Structure formats: structure tokens, C-alpha cells
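Sequence annotations record features per position, and here TrEMBL assigns domain 'Helicase ATP-binding' to 226-392. According to TrEMBL, the feature Zn(2+) 1 binding site maps to 451, 454, 491, 494. Annotation comment: TrEMBL describes 460, 463, 478, 481 as Zn(2+) 2 binding site.
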């Protein structure tokens, strides 16, 4: 104890605070810090500011720098140590410090992003020595619910595999209403709720369930990763849609569990978690926690802490789960590694894929990235021997690759955006009793409301975008800032009652489908229709139960879902990606086409994919459909290399915004001027107005840095940030820098 007292007499407590400031702050240690053994990664309460502006903030300890007695006298004390045991390990802190440096983001905001909101606000961490559990009674052991009681049967099977019962927090992570199911089972005397001690990570039993036999390519992929379970290695699993990548994930997680290790499984979309969660639950007896934005804050904090303590062994989550601490790290998996959802698009703009790879390297564990359409960056990492490539080129079982058909709609009479050829094919599919899936990546009824008399167009008063017509709610909505207003019937400019909705959205297609096929059961799944906890899972259950004939949706349906009865896929408009000025647009369009097409013919029934386009002779589109994604991506890489574009160069995008239209341009021009004398191997493009020049009332500009060498790019960014601190212009506009930008809007 005396040594610790002496230590804190000559050392400060370094704290990262959730502020847009690129520094940490020093404090003196309170007596309880000396007694409790304060560690890096613990949360503390500290005062910040002075006078009437002083406030109490929650921060994270990042170190203990040596200070002189004179400097120490000017420091404020830590008010309270919130965690007896640090919530972040030294490895976790190392990753966050690296992320702050690499993404050039304020360190306190980076550390805050690693915690659920409640813990970020200073809520005490829960040390659950005991937990309430659900367990079977003697009656429940022999119970046989009816076949249609799917969730009751799932719960009973899971309880039979878990003799010690299932902790209620695990059930709380489910996306369906388990409470009503449990109430019914308790009334029948099948289950009871009791208190029990927490089950240690290493001793929790694994249920024994039958597993499908792996095919040769699946077995090779599993064996390759298992051979590296004792250390770091990055794998890219390229498997066509329907090839059985999920079964590979399950086998690897099972092997980690048998070793007493944890697995972190990341998916790009919340819409993928119910189906994947169900697969994991049925295999591992509900031994999985989920972490995504659809959970309430208490559930997120509870699941995060369970994984951090080791009470949970599997974490299934979206982008933000990449920072979840692992007490016994074993494996990290990213499904659909190419997906743009893994890149944070505001605030701390990190790539969950890159963070996952760095975490695996730091923790000395393998990381597996799976995709049917790998990103060009990952393919280049394979070529440079940074990732090991694993291939699964054929669909599992008897499933065949779908047949593609291009539909030229230049002179077609479209009905609700659908060509006669597509409508005829839908009718044939209905006659066979099979399901159709139509894809349009635009929700709402129509993207534009226009006055046919004077040409007035409904534009968001806060953004430079059109208001989207939502017919079901009678509203005009901005999909950028959230502004809404009632849909008008009379033009506000000329008073004419000739307001027309132009363009196509999922609501409009749904109405057209109901008119064309009134007897068919049509279901629309997008962010509007799937709003509400458990709603998406219910809709997907309806599809799997065969209660839907025509499924219509946005990109929520494009990835990962298994619809065995879908034999027809119609992509209503592929042209946006073919004509965009964004150099990444073709890559993303091809990935989306392949992913959506992969929903067709996933069982023994053959699949047919129809792509409607006004560019049926587009050379790269034809290459994709005739030769496959591998040939297409190889061609794109050749073009990128010849143009010195990523992944053969490195980019950073400076953004500036302000209420005044000129201030962002002045600030970015200042940054450009910093590099006039010495570019340091960095090419500067701009500044220019952003493509979306005004959003939420703020004017936006951009400046691009590009370099052939990553270290030179980061060195120049550091120099610019240091120079900006000396200029008052830097405080007249809000600015940020994004590493490896993927969205230039």
C-alpha cells in the first residue's frame, strides 16, 4: 500500500473524456484509488471546466504519467473510481489508442464509443454473482407442445440442453416476445424461475445437437482456421451465396467454445441478426448475446457486461459490437465483410472490418471475413499475402446457381416499375406455388412531388434534396435529416391542384403488385414497415412459414437471408450504380446484384433472376453476369491500378460545415494552402462544395488528400491538425477528417 501511495505522489491519473478535444487530462488520485488498485481501462468521475461552467464527467483512465510536485499541485482530484475492476483490458485500450491515432479522432470520443450509453454516462457496472434463471420442471421434461408452437418447442429444446437452466438476461436479448411464451409454460407447470449462481465461462455445458455433414470445401475452410486457433491469422472466406458459410462459422464457434473461448460474430445489418441468432440459439442452446441499436440501453449494457465478464461466450452484433471486450478471446468473424454498413458514416468514422483485424492481431487470435463478393481492398490484401484466401465456389447440397436474364426496359410499358416480362414471370411463379422476391433500394412511395402546372418541386427546407412521398402516412419526408410535413394537395407556388408523385419507391410497387395480383399475398419489408421491436423477425417468420407469395423490399433483404421457396428474384433498377460518378459505384452495384440474386433457388428448386436496365449492353454488367464476380473484380482492380485509385492508393476526406455558406470553404482553402510549399507526397483535390451541399441547415464542403504511401498521408494529416490549432478560422466551421472514405455525399 505504501508503494502505491508513493507512486501516486509522483504520478497523475491520465483520463480520456468524451469531448471533441485531441488530448487527455491529468488528475490526482483519490484515497480510494490507492486502496482499490486503480488500473488503466477503469471509469472515473472527474470535474471538468472552471467556475460556473464546471461539470462532472465520466472518463476512462488511459495511463499514469509522471508529474513534478509543482505540476501536481495544479491538478484537480479524481472524484470517484467507478470500477473496482477495469472494464477494458490493456489490449482493449491499446486498440482504442491505435484507432484514435489512425482515424485522427479525439481520443475521449473514441474511448466513449467502446461503451454502451449507460456505462458511458457513469452507470455502475453490474457484478452479477447470481442470476435469475428459467429451468424445466418434472412436467416440462416430458412435455410435448403442438408442432405449430414453434417458439415453445425451441425454448423447451434449449432448456433440455441446459440442465442448469437459462439465465433470464439471455432471454431478454431475443427479438421475440419470450415473456408471453414463458407465462403460458409456467401456467402449464412446465417451467419455473429461480435464483442461481453465475456459470463460469470454462464450465458452462455445451448442448449436444445433431449437425449437418460438411462438404469438402466447408471442411477445408474449417480446418484452415482451426490450424491457426493458437495465434493471429486473417482469413478471407469467399463463398458463393448459398455455399454454407454460416455452417463454417457455427463449427468454428463450437470449437472455440470447447476450448473455453469466446467468439465475436459481426453482421452488417440488424435485419440479419434474428435469422443468424436463431441458428446460433438452436445450435448452442441460446448461449448467445446480441448487441445492436434495436435493443434498449439496459439490454445493450447487460449484454456487453456479460461478454466482458465472460458470463456470455458468444456475442452477435453489428458494427458497434466490434469493441466489446473479450475476457477469453478466441475468434472474430465478420459476415459480409464487403458491406458498407461496417463503416461508420458520422462522428467517429471507423471501419469495423479494419478494427476487427487489428483487434485479432492484438489479441493474437484468428479473424475470418466471409463474403460472396469480397471488397477490392480484401482481394488486394490476399494478393499481398496479408490474408489467406479460402474458397467455396459451389452452393451447398443440391442447390444450383440461378439463371440471369437482362430485361431491356428502354421502350417497355412499365406498370409500377415492372416490365411485362417480369410481370409474366411473377404470374408463372405464383401458379407453381413458389415465392418471388422483388428488390428496389428506395423506400417510400415516390422520390419526388411536383406540380404539373408550374413545375414546383417539394424540397427539404434544411437540405438540398427532394422530399420523399410516403403515401401510407400522407407525409413528405426527408431521408437525410428526418424533416417531415403533411403532403399537400394544392401547389404552394401557384395554387393548382395538380400535384404528382414522380419516380418509384417500394410503397408504389406494393400497390401495383396488389392491383396486378389481387389474390397473391404480398409483403413489403423496409425500414418503414419493419419498424418496432420484433416486427422484422415476425415478418421473416411469415415468409418462412409460406404465408407470403410476393416479397418486396430494400437492401434489408439483400444479404444473408435464406428463403428456400424463393425461385424468382426481380431487380427493378440496376442502373444507378452503372452511371454514378463515384469510382466505387460499380463495385457496390455488382455486390448488391450478386447478393440479391443469391436469394433465388437456394434449395432444390432452380432460381431465375431478372435485372431490369436501360443499359443492357454495359460491358462490365455483361462481364459480371457471364463470367462471375471474380472476373468482374479482377477487371475493376486493373482499372483502379491504372488510375492510381484505392486500394492502390490511400485517401483522406476533409469535411467542413457551418451555418454560413463561405466559412467551410475558407477553412478547407486554408488547409490546402498549408500544403502549397510542401505536399509531402500527398495530392490535394479541392476544396469543392459537397455533392449534398446543404444538410440539416448546414453548408458542407470537402477536400481530398490522396497518396501512394499510407505513412506519408497520415504524417501530413497530423501536421495539418497541429497547424489548424493556431488559426481562429478552424473554430468558425466544424471540421473532421475521414480515413478511407466510402461515401462522398
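From the backbone N, Cα and C atoms, a Cβ is placed for every residue, glycine too.
Each of the binding-site residues 460, 481, 491, 494 was scored by the other Cβ atoms within 10 Å of its Cβ; the lowest score goes to 494. Residue 494 (Zn(2+) 1 binding site) sits 27 Å from residue 481 (Zn(2+) 2 binding site), taking the CA atoms of both as reference points. Each residue contributes its Cα atom, and for residue 454 (Zn(2+) 1 binding site) and residue 463 (Zn(2+) 2 binding site) these two points are 22 Å apart. Each residue contributes its Cα atom, and for residue 491 (Zn(2+) 1 binding site) and residue 481 (Zn(2+) 2 binding site) those atoms are 23 Å apart. When Cα-Cα distances from residue 451 (Zn(2+) 1 binding site) are compared across the binding-site residues 460, 463, 478, 481, the shortest belongs to 460. Restricting the average to the domain 'Helicase ATP-binding' (226-392) gives a pLDDT of 91.
Counting only residues at least six positions away in the same chain, the Cβ atoms of 460, 462, 463, 465, 467, 468, 484 sit under 8 Å from the Cβ of residue 478 (Zn(2+) 2 binding site). Other than 451, 454, 491, 494, the residues of this chain whose Cβ falls within 8 Å of the Cβ centroid of the Zn(2+) 1 site are, in sequence order, 452, 453, 455, 456, 492, 493, 495, 496, 498. Apart from 460, 463, 478, 481, the Zn(2+) 2 site neighbourhood in this chain, defined by C-beta within 8 angstroms of the site C-beta centre, holds 461, 462, 465, 467, 479, 480, 482, 483, 695, 696. Mapped onto three states, the DSSP output places residue 463 (Zn(2+) 2 binding site) in coil.
The binding-site residues considered are 451, 454, 463; of these, 454 has the fewest other C-beta atoms within 10 angstroms of its C-beta.
In the three-state DSSP scheme, residue 451 (Zn(2+) 1 binding site) is classed as strand.
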